[in-house]
Each structure stands twice: as structure tokens, then as C-alpha cells.
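K.L.:
Got a structure for you, questions after.
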Amino acid sequence: MQKKVTIYTDGACSGNPGKGGWGALLMFGSVKRELSGYSPATTNNRMELMAAIQALEALKEPCEVALYSDSSYLVNAINKGWLKRWTSNNWKTAAKKPVENIDLWKMILELIRLHSVTFHKVKGHSDNEFNNRCDYLATQAIKNNR
């Protein structure tokens with residue numbers, strides 16, 4: 001039986017593009033682990049994806065994951081089938097344009113094959129303490145350049 005892990009993620013960017021940070025909170029039972037990182041030149045969407053990637057990569061074995069994000073870009077790509085269509089269309093959007101952030105989407109595809117992941121949308125900058133913590137981690141990563 002797989003471990004059940006809850007993950008919250010967030011990305012932030014100072015300017016878009018600009019300096020970016022991401023934060024993640026992993027919870028298994030009473031154990032909590034915080035992760036964060038920084039990029040000197042990026043976009044908000046890349047940081048949202050990177051938060052999910054780094055959180056899923058931190059898992060040491062296949063897990064059942066509930067991943068919560070305030071990123072419509074991330075959650076809708078999975079839940080509305082955009083990612084499947086992009087891969088079927090040779091990484092082209094419905095408008096026949098190249099999909100942005102292909103490198104990161106390919107990493108997410110690999111990770112969701114390893115784990116059983118459900119993606120959930122949460123409202124950003126509201127009263128969700130876990131999402132707010134991830135936002136804090138992401139903005140601190142930008143502030144501290146790490």
C-alpha cells in the first residue's frame with residue numbers, strides 16, 4: 001500500500017519574467033517537510049511547475065499524492081486534459097503554437113507516472129495556511145536569492 005502524502009506548492013516571480021522562487025510543503029502523518037528554491041531569471045509559471053517537480057522528486061518511493069496548488073496553469077493542464085492533448089499533438093497547443101515550458105512538463109509527466117497524483121486547485125492569497133506558507137517560502141527564496 002502506498003503512503004498517502006499531501007503536498008502544497010507555490011511559485012512566485014518578481015517581474016514576469018524576473019527573479020523567481022518556489023516553495024513546497026510535504027506532509028505525511030505528523031511529519032512536515034519544507035522545500036524552496038530560487039532562479040535568477042524565470043517566469044511565474046516555471047516556478048509553479050518547479051515547485052511541483054521538486055516536491056514530487058523529494059519522495060523516496062511511489063506514493064499516493066494529493067497536490068494542492070493555486071496555479072490554474074498547472075492544475076488545469078492535468079485536470080482538463082491539456083497535457084494529454086499537447087503530447088498527442090507533438091507539443092503543440094490547440095492554436096498550433098509550441099507549448100511553453102516543455103522541459104518542465106516532460107519532468108511532470110515522468111513524475112506522475114511514478115506516483116498516483118491528484119491535483120487540486122486552491123485559492124491563492126486567502127486563508128489557506130499551507131498555501132500561504134508555500135507563498136512565504138517562495139517569496140523568501142526571491143528575497144534571499146536562494
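Here the Cβ of each residue, glycine as well, is placed from N, Cα and C on the backbone.
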K.L.:
Going by the Mg(2+) 1 site in Swiss-Prot, where Glu48, Asp70 are listed, which of the candidates Asp10, Asp127 is also part of it?
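P.N.:
It is Asp10, as the record lists it for that site.
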K.L.:
Reported as an integer number of Å, what is the Cα distance between Asp135 (Mg(2+) 2 binding site) and Asp70 (Mg(2+) 1 binding site)?
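P.N.:
Distance (Cα to Cα, whole Å): 10 Å.
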K.L.:
Can you give me the residues near the recorded Mg(2+) 1 site, meaning same chain, not Asp10, Glu48, Asp70 themselves, Cβ no more than 8 Å from the center of the site's Cβ atoms?
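P.N.:
Not counting the recorded site residues, we get Thr9, Gly11, Ala12, Met47, Ala51, Ser69, Ser71, Leu74, Gly124, Asn131, Cys134, Asp135, Ala138.
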K.L.:
If you count other CB atoms within 10 A of each CB, which of Asp10, Glu48, Asp70, Asp135 wins among these binding-site residues?
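P.N.:
When each Cβ's neighbours within 10 Å are tallied, Asp10 leads.
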K.L.:
Over the domain 'RNase H type-1' (1-143), work out the mean pLDDT and round it to an integer.
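P.N.:
Here the predicted model's pLDDT, averaged over the domain 'RNase H type-1' (1-143), is 97.
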